[in-house]
Amino acid sequence: MGYQVLRVTNDEVLHSPYQVVNKIKRAIMNKESLPRPLKKEESTSLTGQNNPEKNAASLVSPPFGGAGGGSFPEVERNAWAVDAACSGNPGPMEYQAIDLQTGARVFHFGPMHGTNNIGEFLAIVHALALLDKQGDKEKVIYSDSYNAILWVHNKKCKTKLEHTPQTEALYQIVARAENWLRTHNIQTRIIKWETKKWGEIPADFGRK
């Protein structure tokens, strides 16, 4: 099997603990983090993979050591963090959500040809739709994308991605997301993740 040495600096441990957690998570989930073909159910559903039990392999140490832990008490623990990654712009795009209390991956979608901004937008809507389906009115959503939060607030994905046969499937998903926003009363709070203060968002794919 062999082994892998993870190197982190004292500065990372002191000032970016969540980034250190992500490094450990990526090492544990190396195989899962590799791009994989888009599943049929992922391409036809706004909520993609939404069963936490199916993502048991994604369980890692809680970013905050459980409720009440962590170095930043102002960060709410009963929350999901969402983030997207895109290889190129446009390029293969994917997004995911991580539960801040458990460290478990809540859902993952992609890869699919698109842009990072679209992924950030869809990640928030996906989380909103799943929380609404579960009847959870207490949990909050963290995103590090100001644009995506604004787009969700305005119920419109203001992407400049060219609408082509290659992006048609993604545009259909975006249209469903926009329609969901227009037809639902959103009560879940969406909070901007302050990367400079708290380090990388726990849902970060670590490909910067």
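Even glycines carry a Cβ here, placed using N, Cα and C.
Going by TrEMBL, these are the annotated features:
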- 44-53: compositional bias 'Polar residues' (COMPBIAS)
- 74-208: domain 'RNase H type-1' (DOMAIN)
- 32-63: region 'Disordered' (REGION)
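The average per-residue pLDDT of the prediction over the domain 'RNase H type-1' (74-208) is 96, rounded to a whole number. Within the domain 'RNase H type-1' (74-208), the DSSP-based counts of helix, strand and coil residues read 48 helix, 34 strand, 53 coil.
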